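To start, the structure itself, in structure tokens.
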Amino acid sequence: MLEFSSQDCVFMQRALDLAAKGQYTTTPNPSVGCVLVKNGEIVGEGFHFKAGQPHAERVALAQAGENAKGATAYVTLEPCAHYGRTPPCALGLIEAGVVKVIAAMQDPNPQVAGKGLKMLSDAGIESTVNLLNDQAEKINKGFLKRMRQGMPFVQLKLAMSLDGRTAMASGESKWITGPDARSDVQKMRAKSSALLSTSTTVIADDPSLNVRWDEFPENLKTEYKKEWLRQPVRVILDSQHRIQPTHKLFLTHSPVWLVSSEPRDLTGFPDFCEQIIFPKENLLKELMRELGKRQINTLWVEAGANLSGSLIDAKLVDELIIYIAPKLLGDNARGLCQLPNLTKLADAPLWQLNELEQIGDDIKLTYTPKGV
């Protein structure tokens, strides 16, 4: 087993903190941070900000200048070895005279997948991997799932009362949770490559399903400038072609993909609206594969009980995020999700609680499927 020093951990943690700064802007690329250290001092550091812009290693090398020669590089993901929008980072480290590279994890991207480490090794540079691997995985869980399985990382968001209700019997649901929880939802949307909902939700609430910087938590506004705002793709299941160009969805100039089993005439819709056509059978799984092909890393789901239950039933939910408000709505109010195929308690899906956080008066619970 490889042994790393406490100093190695400190510098890699700094690289991870830098990588996290790119979580709102890098999609479809991974979020990566890099720290260059010489004689125990940081001589250069940086993170990848946006696709097409310099990678983290290049930013750190530019800051270090001549001091990069003889330095150790701490990078949160294996340096790339291929020519894309930017030159290979492994080559940049070699040319700068870096003598050692420590990577938090190997890159599963088939274009990299060990090739970066091999390029470094072939050049005589000592390279090791798997320092603070779990933290590195968490930062890029969407990118990593897409690389490994060809599908996005699916986060299902639900908001409910203490008695597990999401809306009154009439459908009234604004607002179950408080302003702080809704602000947190804006933050989660901002991290996502795409949002998934249904025409039923759109018709009932006429939501914009966009990211609103003014509603961000105050601490996020200081690190994520308004001019950097990136709107996620809105993916809407619309089997009966009920979505119309007058919906608020289309007031935000960001792609809208309408999903159904039959084509429709999009006359009158803005040019950023398009259709995705699938047969009804296995529509959700086929949609996930298609979203993976379209480089969607993380999919944030805001929908009603039907789609929520269908995603859970199909085992497509990677993370279940529940906001619980300190309210009681009674047994006539609407339930959390529909699971019509579930008839035995022994068959109920089990979930592992990973995080519990108080947000204002509400509680945020984050679960992952147990045993997966």
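For all residues, glycine too, the Cβ spot is worked out from N, Cα and C.
What Swiss-Prot records for this protein:
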REGION    1-150  region 'Deaminase'
DOMAIN    6-128  domain 'CMP/dCMP-type deaminase'
BINDING   His55, Cys80, Cys89  Zn(2+) binding site
ACT_SITE  Glu57  active site, proton donor
REGION    151-372  region 'Reductase'
BINDING   Ala159, 166-169, Trp175, Thr201, Asp205, Ser239, 304-310  NADP(+) binding site
BINDING   Ser173, Arg189, Leu209, Arg212, Glu302  substrate binding site
Query raised in the report: Among the binding-site residues listed here, His55, Arg189, Arg212, whose Cβ has the fewest other Cβ atoms inside 10 Å?
Result: Arg212
Report summary line: Residues in the domain 'CMP/dCMP-type deaminase' (6-128) per DSSP class, helix first, strand next, coil last, are 44 helix, 24 strand, 55 coil
Report summary line: In the domain 'CMP/dCMP-type deaminase' (6-128), averaged pLDDT is 91
Query raised in the report: For the binding-site residues Cys80, Ala169, Ala305, Leu307, which one has the sparsest Cβ surroundings, going by other Cβ atoms within 10 Å?
Result: Ala169
Query raised in the report: In terms of Cα spacing, which of the binding-site residues His55, Ala167, Thr201 are within 10 angstroms of Glu302 (substrate binding site)?
Result: Thr201
Query raised in the report: Which three-state DSSP class does Ala167 (NADP(+) binding site) fall into?
Result: strand
Report summary line: recorded positions His55, Glu57, Cys89 vs Ala169 (NADP(+) binding site), shortest C-alpha separation belongs to His55
Query - Sorted by sequence, non-His55, Cys80, Cys89 residues with Cβ within 8 Å of centre, Zn(2+) - result: Val32, Ala56, Glu57, Arg58, Pro79, Thr86, Pro87, Pro88, Ala90, Gly92, Gly116
Query raised in the report: Per residue, counting other C-beta atoms within 10 angstroms of the C-beta, which of the binding-site residues Ala167, Leu209 reaches the highest number?
Result: Leu209
